[in-house]
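For reference, TrEMBL has these:
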BINDING   LEU17, GLU22  substrate binding site
BINDING   ARG107, LEU108, GLY109, ARG110, GLY111, LYS112, GLY113, TYR114, TYR115  ATP binding site
Amino acid sequence: VIDHPKYQESKRIAIFLSMPDEVQTEEIIKDIFKQGKECFIPRYKPQSNHMDMLKLSSAEDISSLALTSWNILQPSDDDCAREEALAGGGLDLIFMPGLGFDKKGNRLGRGKGYYDTYLERCMKHPCGKPYTIALAFREQICESVPVTENDVPIDEILYEDC
């Protein structure tokens with residue numbers, strides 16, 4: 001990931017805080033700060049499909065985040081001090097999680113459409129849609145995954161030996 005050309009050229013990067021069953025992102029987040037890039041993480045709004053990408057000030061900032069009912073660390077709803085990526089300069093790159101992927105760029109998420117809705121918002125931003133990379137385990141690569149017209153294909157899937 002760290003040697004990927006899109007990562008190297010990106011300045012504003014959104015990345016998920018991994019759950020135990022996902023590709024672990026802690027070292028990538030540390031490198032984002034080490035390289036002097038800006039790091040944004042998701043804040044999901046329950047009971048909707050709305051998600052924002054909020055800026056982290058440091059890798060250590062993660063320890064100050066609240067744990068949601070889904071066991072996901074994210075900035076609290078009353079945390080208004082953080083920059084939202086689309087209120088600023090947009091994003092260059094988004095690393096995305098998922099449950100399954102196919103080689104056509106289709107992604108099976110957890111069913112709420114958070115990332116698809118966010119990418120639609122990105123497309124309306126003056127900076128446009130960021131490059132999207134899914135981080136996956138080889139076992140998550142399928143022949144095909146079910147999609148709807150609202151699903152936004154991802155640009156690339158990274159997994160072991162891909």
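Numbering starts at 1 and runs along the chain as displayed.
Keep in mind that glycine also has a Cβ here, set from the backbone N, Cα and C atoms.
Sorted by the number of other CB atoms within 10 A, the binding-site residues GLY109, GLY111, GLY113, TYR115 start with GLY111, the lowest. Within the set of binding-site residues (LEU17, ARG107), the lowest number of other Cβ atoms found within 10 Å of a Cβ is recorded at LEU17. The C-beta environment of GLU22 (substrate binding site), restricted to residues of the same chain at least 6 apart in sequence and closer than 8 Å, consists of PHE16, PRO97, LEU135. Cα of GLY109 (ATP binding site) to Cα of LEU17 (substrate binding site): a span of 15 Å.
Note: the Cα of TYR115 (ATP binding site) and the Cα of LEU17 (substrate binding site) are spaced 14 Å from each other.
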